[in-house]
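Taken straight from Swiss-Prot:
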- M5: methionine sulfoxide (MOD_RES)
- C7-C31: disulfide bond (DISULFID)
- M9: methionine sulfoxide (MOD_RES)
- C11-C27: disulfide bond (DISULFID)
- C16-C24: disulfide bond (DISULFID)
- G35: glycine amide (MOD_RES)
Amino acid sequence: GIKEMLCNMACAQTVCKKSGGPLCDTCQAACKALG
């Protein structure tokens, strides 16, 4: 849903940009849980 999309964008601009890897995956997995 839209929440998941916005959450993924936030992940991409923060966690994924800074470190990536497992932390990025975890962030996006949390987004998926939001649906």
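Any Cβ shown, glycine's included, is placed from N, Cα and C.
Since this is a predicted model, take the numbers as computed values, not measurements.
Structure with Swiss-Prot features highlighted.
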residue: M5; record: methionine sulfoxide; DSSP (3 states): helix
residue: C11; record: disulfide bond; DSSP (3 states): helix
residue: C16; record: disulfide bond; DSSP (3 states): helix
residue: C24; record: disulfide bond; DSSP (3 states): helix
residue: C31; record: disulfide bond; DSSP (3 states): helix
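For C24 (disulfide bond), the recorded positions whose C-alpha atoms fall inside a 10 Å radius of its own C-alpha are C11, out of M9, C11, G35. Cβ-based neighbour count (10 Å, all protein chains) for C27 (disulfide bond) stands at 19. The two recorded residues, C31 (disulfide bond) and M5 (methionine sulfoxide), have Cα atoms 8 Å apart.
Cα of M5 (methionine sulfoxide) to Cα of G35 (glycine amide): a span of 9 Å. Annotation for C11 (disulfide bond): same-chain Cβ neighbours under 8 Å, separated by at least 6 residues, are C24, C27, Q28, C31. When the recorded positions C7, M9, C16 are compared by Cα distance to G35 (glycine amide), the shortest distance belongs to C7.
For C16 (disulfide bond), other Cβ atoms within 10 Å of its Cβ number 18.
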